[in-house]
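Structure record follows, encoded as structure tokens.
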Amino acid sequence: MADVYTPLVDGTYLLHRPFYLPTKDGPVWAIAFTTNGGTLLTAGISVVLTLIFMSLWNLICFIAMLFPGSDSRRRYLALVTLWNSNDSWFAFKELASYAFHFHESRPDFAYGLLLAVLALMVFGGSMTLGIIGPSLIQIGTVAPVRPSSVYYPHLGTDNTAILSYYGVLAPANLRALGSIEASKVTKRKDVNLPDSNLDPIGKTESGEDIYQYLYDYTLTGVDFGLQQGSALSLTVNGSCTTEYGWFVNSTGAASNEDLYNLWSISGQNFSVPVNQDTVQDAPKASFIPHPEAEQQHLESGNTSFAIIVWAARRASIKQGDDPWYKTERRTASFPAPFDAQFWMKRGRPALSCWQKDTWRYGSQEVKTVDDLPSVKGIKVKPALLKLLAEALRAPVLTRVGNASGDSALKSAITSSRGVINAETSKIRYDLERLVLASYVFTRNVLLDTTMFSRPDGLDNIMEDGKGQPADGAGDFVLSSPNFQTFSMAGLIVLFVMLVTLLIVQAALDAILLRHTDNKEKDKVKGRLMLFKALPAAQLFRRIYEPTGAKQQDVYWPCASHYSSHEDQTKFEWDICEKGDIHCNGHICRGSTTTGDKTTGNKTETKEAADSHGSTTKKEETRVEEHLIEVETP
């Protein structure tokens with residue numbers, strides 16, 4: 001929506017406020033941040049996506065635990081693996097291994113494979129969306145304009161006001177010309193200048209080639225940056241033809257002007273000075289509207305204008321054959337810079353041009369930009385339609401050409417001290433420069449309103465009668481690399497998903513707490529007890545749990561999630577009795593006690609215990625201290 005390399009003026013835009021981002025598919029609800037703020041939000045989005053997939057995985061695990069499908073130890077092995085795999089990637093590896101191992105048991109294989117696939121999907125989704133998710137929600141680099149910063153001058157009637165008016169608009173024309181030099185390759189694809197422009201369409205009676213140069217481009221409400229005007233479009237079609245018939249023969253070589261009778265209308269004469277002073281300047285051009293241009297515009301939207309080149313007798317270092325830059329040997333008495341031996345012939349043809357601007361809103365077409373307010377259902381506010389009419393009523397090419405002065409032509413900006421290279425200078429290059437600049441100027445017509453100076457004496461047409469911004473004056477957006485724009489709908493969806501999953505998880509935790517802590521032994525409690533019994537810590541506790549019916553471990557009772565801080569029981573490996581080299585390990589359940597108190601699966605006699613010596617007895621005494629007798633209720 002912008003091609004200008006001038007940074008935006010501070011205070012001309014609004015941040016952290018919802019607005020509508022124009023797109024080709026219609027406006028999108030959005031919000032803008034600075035680059036730094038957008039970076040923080042992007043990081044936050046990644047965290048939210050991670051939490052969403054974590055919560056989703058917990059929900060999948062909960063459902064799988066509720067419906068194991070079998071009471072076999074094989075199936076509960078999968079449940080233990082699943083419930084203790086908070087990471088979906090670890091769960092995928094373990095469950096895939098489980099499915100492979102039990103491939104001969106179709107139910108267990110299918111159960112393990114299904115959970116492995118779900119784990120892989122959650123892991124893949126988490127990784128993928130964690131990386132690209134923020135970029136999907138970031139939808140642009142625009143921000144809404146501050147309405148009070150919009151300014152477009154009112155064209156007065158006195159000479160001072162008129163000069164001030166064009167002085168205010170001049171920087172916009174220069175920015176447009178500067179932009180196309182910096183981004184010609186990018187913008188050239190948006191403007192159509194047919195290759196047919198290279199070939200003549202006929203000859204004059206004197207044998208001169210006649211050329212016609214066509215151009216066209218299209219802009220939409222998205223290009224203008226209209227928040228509610230995506231359906232608006234402008235199609236510009238134009239043509240310029242070399243016209244030799246307007247040139248009035250000079251009275252002789254000594255004549256100091258070339259005279260043109262425009263459109264062969266009596267009194268419509270235009271002279272190009274040809275004297276020692278003017279011929280030392282680089283070529284330039286004048287852009288003259290047809291005397292009935294305004295009436296033409298009102299009737300059909302088609303406007304005629306002429307372009308007269310000031311190139312006669314300008315020096316060139318090489319010969320040229322283009323209609324504007326056709327050369328001959330230089331015969332002046334004064335020398336030219338760079339020892340130029342050629343100059344352009346006199347009587348260069350004018351360009352007879354027309355341009356038609358076609359405005360549409362959706363499927364409705366109007367003759368002129370002034371007719372847009374009458375379009376049924378148009379969502380663009382009247383204030384912005386008024387601005388478009390004021391800025392784009394006349395062909396923009398003529399405005400850009402006249403405002404840019406000596407820098408309008410391509411040949412002029414490559415000139416040094418008034419000397420050009422006629423061999424590389426062409427009308428089509430000059431027109432390409434002007435048409436591209438017209439395209440950029442038109443596209444940036446709303447953006448430029450935030451950059452104009454505000455001289456005294458020129459009213460702002462974007463204000464109401466009370467000096468306040470007119471209704472809808474700020475209904476467009478500004479583009480800048482310093483902005484990051486995010487979809488409001490995307491942010492809300494992420495927030496709702498996260499909150500919903502967290503609420504569901506909290507509700508499930510409450511259900512577990514309610515049904516597993518009551519004293520009734522019902523079927524619901526039996527199924528939900530899996531969530532308490534299968535965590536890794538509780539399975540580890542079971543290894544050291546006393547086997548006696550009337551004993552319990554005082555340092556780690558069955559109602560506790562963790563052992564006491566006074567627990568001194570050591571972790572030890574037991575020797576594999578089979579001596580299997582592939583043994584996965586045996587955890588020693590603890591030392592043997594004397595009498596009828598037991599700490600593990602083995603019971604030894606007092607004599608056998610005595611054979612271990614005094615050290616073993618001390619250990620036995622220490623182990624026995626954490627075992628207590630319990631009464632059967």
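Glycine is no exception: its Cβ is also placed from the backbone N, Cα and C atoms.
Just so you know, TrEMBL annotations never went through curation; they're auto-generated.
Per TrEMBL, compositional bias 'Low complexity' is recorded for 592-602.
The feature compositional bias 'Basic and acidic residues' is assigned by TrEMBL to 603-633.
Look at TrEMBL and you will find 592-633 tagged as region 'Disordered'.
Residues 79, 82-83, 85-86, 88, 91, 115, 118-119, 122, 125-126, 129-130, 133-134, 137, 491, 494-495, 497-498, 501-502, 504-505, 508, 527, 530-531, 534 of the same chain, all 6+ positions outside the transmembrane segment (43-67), place their C-beta atoms under 8 angstroms from a C-beta of that stretch. Summarising the annotation, TrEMBL assigns transmembrane segment to 43-67 (among others).
Through the fold, the transmembrane segment (109-132) approaches residues 46, 49-50, 53-54, 56-57, 60, 64, 69-70, 75, 78, 82, 85, 88-89, 91-92, 95-96, 98-99, 102-103 of its own chain, all at least 6 residues removed from its boundaries and within a Cβ separation under 8 Å. For 109-132 (among others), the entry in TrEMBL reads transmembrane segment.
Under 8 Å from some Cβ of the transmembrane segment (488-513) lie the Cβ atoms of residues 18, 28-31, 45, 48-49, 51-52, 55-56, 58-59, 62, 136-137, 528, 531-532, all in the same chain and six or more residues away from its ends. The transmembrane segment feature in TrEMBL is assigned to 488-513 (among others).
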